[in-house]
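Feature annotations, courtesy of TrEMBL:
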DOMAIN    21-109  domain 'PPIase FKBP-type'
DOMAIN    133-221  domain 'PPIase FKBP-type'
DOMAIN    245-332  domain 'PPIase FKBP-type'
DOMAIN    356-444  domain 'PPIase FKBP-type'
DOMAIN    455-490  domain 'EF-hand'
DOMAIN    500-535  domain 'EF-hand'
REGION    512-539  region 'Disordered'
Amino acid sequence: AELSIERRFVPESCPRVVRPGDFVRYHYLGAFPDGTRFDSSYDRGSTFNVFVGKGQLIAGMDQALVGMCVNERRFVRIPPKLAYGSEGVPGVIPPDAVLHFDVLLIDLWNAEDEVQVQTYFKPEKCPRTVQVSDFVRYHYNGTFLDGTLFDSSHNRMRTYDTYVGIGWLIPGMDQGLLGMCVGEKRIITIPPFLAYGEDGDGKEIPGQASLVFDVVLLDLHNPKDGIAIENQLVPESCERRSQAGDFLRYHYNGTLLDGTLFDSSYSRNRTYDTYVGKGYVIAGMDEGLLGVCTGEKRRIIIPPHLGYGEEGRGKIPGSAVLVFDIHVVDFHNPSDSVSITVHYKPSNCTVLSKKGDYLKYHYNASLLDGTLLDSTHSLGKTYNIVLGSGQVVLGMDMGLQDMCVGERRTVVIPPHLGYGEDGVEGEVPGSAVLVFDIELLELVSGLPEGYMFVWNGEVSPNLFEEIDQNHDGEVLLEEFSEYIQTQVETGKGKLAPGFDFEKIVKNMFTNQDRDGNGKVTAEEFKLKDQEAKEEHDEL
């Protein structure tokens with residue numbers, strides 16, 4: 001005679017129960033007391049959808065559904081007076097029939113519902129939140145209110161990318177994404193009238209279905225965004241800042257906005273080297289590298305329209321905001337020359353170094369960021385060269401000019417006057433600016449340009465006869481070498497300093513041996529001022 005309700009399963013979590021006026025979706029099995037089934041929503045493959053408490057159901061069912069949770073299962077016994085009474089339903093329900101219903105509640109909502117947002121993770125730092133017209137990239141799992149999965153971006157291994165607030169999404173999702181931070185995780189529950197309504201989507205989502213989206217926001221930008229720069233370390237001394245046309249060497253870590261690493265120069269143990277302001281790198285990086293100092297560390301945040309756009313590249317997905325943490329190692333301009341800074345110059349500084357002089361000096365060599373490359377101090381001996389003879393890089397030849405003994409200076413050499421694009425494998429990186437701290441310790445004046453040997457006095461008018469010791473009219477290399485050595489030892493002549501004696505003498509002899517037969521005759525023998533101008537060095 002009375003309505004009977006048996007609660008066969010009640011979920012642990014029951015945030016909401018059915019009230020009169022709510023709309024519900026439920027499955028049921030209808031049977032008579034003897035077990036004979038008269039109806040089933042399962043057989044039709046769709047839930048029964050109806051408002052509760054509005055007379056759209058038999059009175060017993062209207063009462064039995066009140067207080068149910070989603071996923072709750074009830075066994076309901078309805079007497080005839082609360083079912084179809086004495087009339088029944090011809091051909092289906094006999095008169096005065098007691099009805100048994102096995103009910104499973106699938107969905108529940110009210111016409112006054114709004115989008116519900118439950119944030120279960122929020123990053124400590126949230127510099128920016130989603131606003132109308134922003135473009136977002138997010139992952140989601142989409143379920144019905146009973147937990148049944150209907151879609152997942154994770155399964156496709158691809159984010160869902162869209163504008164927010166301009167009608168590209170269902171209204172409830174447009175609302176639910178507003179105010180999110182990158183990295184935030186939230187559950188967005190959307191009633192059907194803010195989702196796919198009475199008709200559903202014609203595929204996985206049935207009509208009148210509440211939707212639950214578990215969302216994690218990975219990326220966020222606006223088409224009006226420019227690059228953003230966060231200075232992390234700026235050296236106290238910054239004499240020069242990069243400009244368009246400069247060539248930079250820098251290290252970087254490249255990540256997506258959610259922190260996913262997609263590239264790193266550190267992992268390759270090699271800087272990234274490029275011109276800036278000339279289109280060699282993405283537009284955002286071209287802009288972000290301007291105005292940096294050597295040694296500076298900065299973060300450059302680049303929206304996709306200044307990065308790799310909608311298509312992405314390699315590990316970079318389409319429409320991704322890029323974050324580069326960079327460390328500038330050095331930079332120069334192709335128009336740069338050698339830079340010289342004098343730190344100490346003796347008061348008596350009358351003899352200045354020039355091309356051809358033999359120099360002995362100490363140095364510390366480093367990169368522009370201070371990385372030590374080499375030092376003569378650690379070797380315990382000086383570095384010795386003939387200035388202007390090509391024994392050092394061109395920039396060093398220039399940097400050692402016009403120095404006096406005891407002077408200390410710093411010479412900064414751009415790569416095109418140093419070791420160029422290739423550098424020195426294992427020692428000097430390609431395209432590296434070099435810094436030499438130099439102290440000149442000794443200077444031996446060289447000979448006039450073009451000379452390898454000069455006389456300190458008058459030249460003998462019988463020079464060939466003096467060299468030709470056996471008076472056979474021919475001078476061999478041994479005779480020539482012995483004679484020159486004697487002149488140098490007795491102070492009558494001087495060889496160009498810094499060169500190997502045997503090589504100089506052989507070079508001088510070869511220049512006189514014009515027919516190349518290994519002998520010099522009186523006809524071949526000529527002094528420097530007796531010859532037409534020639535490119536090689538002679539007596």
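The backbone N, Cα and C atoms fix where each Cβ goes, and this holds for glycine too.
Predicted automatically and left uncurated, TrEMBL annotations should be read as such.
Tallying C-beta pairs under 8 angstroms between the domain 'PPIase FKBP-type' (21-109) and each of 133-221, 356-444, 455-490 places 133-221 first.
Sequence-distant contacts of the domain 'EF-hand' (455-490), counting only residues of its own chain at least 6 positions beyond either end whose CB sits under 8 Å from a CB of the stretch, comprise 501-502, 505-506, 508-509, 512, 518-522, 525, 527.
The predicted model assigns the domain 'EF-hand' (500-535) a mean pLDDT of 77. For the domain 'PPIase FKBP-type' (356-444), the DSSP-based tally of helix, strand and coil residues reads 13 helix, 37 strand, 39 coil. Sorting the domain 'EF-hand' (455-490) by DSSP state (H, G, I as helix; E, B as strand; all else coil) yields 18 helix, 3 strand, 15 coil.
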